[in-house]
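Okay, so here's the structure we're looking at.
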Amino acid sequence: MRHPRDFFKPLAVGAPEPVREIPVPPSRMIHFFDPSNEKMRAKLPAIAAKADIVLGNLEDAVPVDRKESARAGLVEVGKTADLGGTPLWTRVNSLESPWVLDDITTLVTEIGDQLDVIMIPKVEGAEDIHYVDRLVAQLEAKAGVTRPILLHAILETAQGMANVEEIAFASPRMQGISLGPADLAASRRMKTTRVGGGHPGYVSISDPTDAEDLEVGRVRAQQDPWHYTVARMVDACVSAGILPFYGPFGDIKDTVACEAQFRAAFILGCVGTWSLHPVQIDIAKKVFSPDPAEVAFAKKIIESIPDGKGVHMIDGKMQDDASWKQAKVLVTLAEQLAQDDEELKAAYGF
Ligand SMILES: CC(=O)SCCNC(=O)CCNC(=O)[C@H](O)C(C)(C)COP(=O)(O)OP(=O)(O)OC[C@H]1O[C@@H](n2cnc3c(N)ncnc32)[C@H](O)[C@@H]1OP(=O)(O)O
Ligand SMILES: CC(=O)C(=O)O
Ligand SMILES: [Mg+2]
């Protein structure tokens, strides 16, 4: 483990100083695109105008025979596309793959100043982050990159899950962690073919209303199989001062279930999610921007308790120092999002 006094020292001579605070711009969705797809590249400026973050994906979902053209396509995006200030991220291939060394080397040296975050798939422990941390520092120094590129881990193996806290704390470059429900399900031997979301078999059941007939009057309710994972990931991230994200929702047509899964993650503390298709950008924007009615009540709490102390009754509900802090979380997020969004500003009454 690095000495606390050395934690913020660059890992290579000439590399930029690590950041002390993780920046928190609007991060409601990380929009995935395939940089080997010319049509998607052409549409990217229009997508970037709607999305909080755009990410050129080089890993799973990009066929093996297009790995190199995806990498080249992302370099072209970094050099030429006008993204209007929307952060550009990438997901590189996994650390054991034959492509990742060229992914990181090419991207940092060719478009290092345009790239905000590198997402690392299948991270299993702090050692994976340490490897990328040093490599990126060496490449930043070589290329003269002026601000440090941050790292984001995907939590998608049982081993990674067991080590989530040490991953979150592994480096000052760590920006956040996303849930990877597809690979994680496979790694855990969960019995589902879905990419994120619930499963009709994962239910809880009410008691029977007739002792003789066990079928009578029983209500089944689907549970969220990601609850434990997301909650633990949120705690690991918040304790390390980094940002937790839900991940993909693969049933693109089921916009209703997508919204429900995103909302569960938002309520548990995630700052954002992934969008795999343009339709999911709007869902994420709606879900990860707090509800105006809740913001109005939170504002009422803050206005009614200027010093944030003591016990108060507001609209029949007890409020105290702790619930004042809850209100502050919602109002601070609403204020931040309203800064660049006139519609939200009006909805929140700022
Ligand atoms: C488990 C994981 O690792 S998840 C992360 C990896 N997966 C991904 O990154 C998938 C990204 N998404 C995609 O590849 C696509 O959205 C798919 C394959 C899921 C669906 O694609 P399609 O069947 O073409 O969707 P659809 O027909 O609705 O597309 C409508 C339009 O939106 C475009 N579009 C679809 N997805 C995207 C996207 N992610 N970004 C930008 N444009 C997109 C299509 O090119 C199409 O454009 P057109 O009207 O000009 O022809
Ligand atoms: C997100 C991802 O890579 C997965 O679910 O496997
Ligand atoms: Mg995966």
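Glycine residues also receive a Cβ, built from the backbone N, Cα and C atoms like all the rest.
TrEMBL annotations:
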type    : residues       : note
DOMAIN  : 31-194         : domain 'HpcH/HpaI aldolase/citrate lyase'
BINDING : ARG91, GLU156  : substrate binding site
BINDING : GLU156, ASP183 : Mg(2+) binding site
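Of the listed binding-site residues GLU156, ASP183, the Cβ environment within 10 Å is emptiest of other Cβ atoms at ASP183. Closeness to ligand 3 is met by GLU156, ASP183, these being the binding-site residues among ARG91, GLU156, ASP183 whose Cβ falls under 6 Å from the molecule. Secondary structure from DSSP puts GLU156 (substrate binding site) in coil.
The Cβ of ARG91 (substrate binding site) has PHE32, LEU55, GLY56, ASN57, LEU58, GLU59, ILE118, MET119, ILE120, PRO121, ILE154 as same-chain neighbours under 8 Å, each 6 or more residues away in sequence. Here the C-alpha separation of ASP183 (Mg(2+) binding site) and GLU156 (substrate binding site) works out to 5 Å.
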